[in-house]
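Going by TrEMBL, these are the annotated features:
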| type | residues | note |
| --- | --- | --- |
| TRANSMEM | 34-57 | transmembrane segment |
| DOMAIN | 50-300 | domain 'G-protein coupled receptors family 1 profile' |
| TRANSMEM | 69-95 | transmembrane segment |
| TRANSMEM | 101-123 | transmembrane segment |
| TRANSMEM | 144-165 | transmembrane segment |
| TRANSMEM | 205-230 | transmembrane segment |
| TRANSMEM | 250-268 | transmembrane segment |
| TRANSMEM | 280-302 | transmembrane segment |
């Protein structure tokens, strides 16, 4: 009898899932979406071409198998996954009005977006630590950040993302939706999907807040400490060395700001920004997943001499 009751409960939960969700795109800008898609497509093409080029150049050149470039390869791979998880479907919505996405497909997209957002944050943190060791402990750099340590750090941030985001997907799968299926967004996002549920969403909201504070809080803390120590060390250096160190660090800081500023805006707007127009919120959320993948290969390709030279040689 207990097994039968459990089966009926499970069957009832499964039947409460809508067969599909309908992504609306950018609420309030439905007529403009067709034209908005063109700059989005150009940015996506730059992101794909740029990040694939970075991966190929780093893989082909043994002299680039150093911590900084290995972390950059991880960042390029993460950017490819993030942009490809969202942009093809987003362009289909904007150009063809194809907003339908299956329930399971929505959860898969949500899993990849949030997992690799966490991974990107972790890789940026690891790159800041690498800069700290390279500038403040240059003689110990190769021994502290060996290839084995770099691979272990990359594996840790990936496992962290998977372990933290999987419970959120499991919680969504267990929730009843009462056939509510219209998502006022361009992609499946945790709280945007949770708000459609006719059940209690407090656990989802609390868990989402916990994950965001844990990932962003710990990573930004370590990034801030790293660059504070770097700044102190750089100020003691001769003018030429100081200029070179500043030039390198500015690239990293631009990448970090391009990722965290729109990410924090999107996160806070979902929870506290009811007065912000939906189209502004959704537009920033879209750019949050597109601008960093577009900017990262351009910034590192242009400002990193070894990569720039290899790309020119490849061309």
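Counting starts with 1 at the first residue shown.
Including glycine, each Cβ sits where the backbone N, Cα and C put it.
Keep in mind that TrEMBL annotations are predicted by a computer and have not been checked by a curator.
For the transmembrane segment (69-95), same-chain residues at least 6 beyond its ends with a Cβ under 8 Å from one of its own Cβ atoms are 23-25, 33-34, 36-37, 40-41, 44, 47-48, 50-52, 54-55, 58-59, 101, 109, 112-113, 116-117, 119-120, 123-124, 126-127, 130, 147, 150-151, 154, 186-187, 286, 289-290, 292-294, 296-297, 300, 306-307. Beyond the ends of the transmembrane segment (34-57), by six or more residues, the same chain brings 26, 64, 72-73, 76-77, 79-80, 83-84, 87, 90-91, 94-95, 286, 290-291, 293-294, 296-298, 300-301, 307, 310-311, 314 to within a C-beta distance below 8 angstroms of the stretch. Over the domain 'G-protein coupled receptors family 1 profile' (50-300), the average per-residue pLDDT in this prediction is 86.
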